[in-house]
Amino acid sequence: MARACLQAVKYLMFAFNLLFWLGGCGVLGVGIWLAATQGSFATLSSSFPSLSAANLLIITGAFVMAIGFVGCLGAIKENKCLLLTFFLLLLLVFLLEATIAILFFAYTDKIDRYAQQDLKKGLHLYGTQGNVGLTNAWSIIQTDFRCCGVSNYTDWFEVYNATRVPDSCCLEFSESCGLHAPGTWWKAPCYETVKVWLQENLLAVGIFGLCTALVQILGLTFAMTMYCQVVKADTYCA
């Protein structure tokens with residue numbers, strides 16, 4: 001009976017981790033594709049220039065693949081050490097995510113202030129050599145969200161030391177339109193505009209977060225159940 005339970009949990013655990021591993025492959029693939037084809041689209045942050053979407057996806061995908069591989073191998077080999085390693089790695093990720101979420105909600109105001117300050121510092125790198133990614137990122141955001149600057153279009157005045165903005169701030173794009181009168185520019189601040197957009201899509205973000213947590217809890221349950229079954233089987237055989 002113990003052996004039958006072990007086999008059932010074993011194949012469930014393997015199937016779960018195979019999907020987990022394939023998901024990691026997908027995330028890694030998207031990250032590599034972004035790095036190869038959209039490498040010029042990088043971070044908006046001046047403090048964390050390597051914190052681009054491509055780099056985050058590559059790191060996340062590789063880590064998920066590694067965890068999934070350990071889980072698959074542990075399930076097939078019925079290895080207690082690998083199963084426990086998988087459990088601890090997944091638990092560490094789960095606790096890290098929970099800690100980040102708690103800190104984010106606890107220090108929302110401070111994070112808001114720091115983010116705006118950092119983004120304003122990043123504006124001074126706009127259009128400079130070696131910062132094509134940041135330049136393109138700002139151009140895309142201002143065009144798509146119909147906004148200008150971090151907290152106001154006047155943020156750009158400090159960058160240019162003149163009454164002008166990038167052409168991506170213009171209501172109707174044309175060459176050097178950023179030199180025209182303020183009435184021809186978007187007035188909405190980009191930080192608040194993007195923040196409102198995220199709040200409007202909070203339900204989708206919440207559902208994604210909940211699904212991620214449930215998948216991780218399921219993985220933890222499978223790992224610990226199989227670990228216990230392997231221990232029981234070893235005890236029974238002994």
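Cβ coordinates are placed from backbone N, Cα and C, and glycine is handled just like the others.
Relative to the membrane, ALA35 and GLN199 are recorded by Swiss-Prot on the same side. Across the topological domain 'Extracellular' (107-201), DSSP classifies residues as 55 helix, 2 strand, 38 coil. Pairs of Cβ atoms less than 8 Å apart link the transmembrane segment (56-76) most often to 14-34, out of 14-34, 86-106, 202-222. Residues 17, 63, 67, 70-71, 74, 209, 212-213, 216-217, 219-220, 223-224, 227 of the same chain lie 6 or more positions beyond the ends of the transmembrane segment (86-106) yet place their CB under 8 Å from a CB of it.
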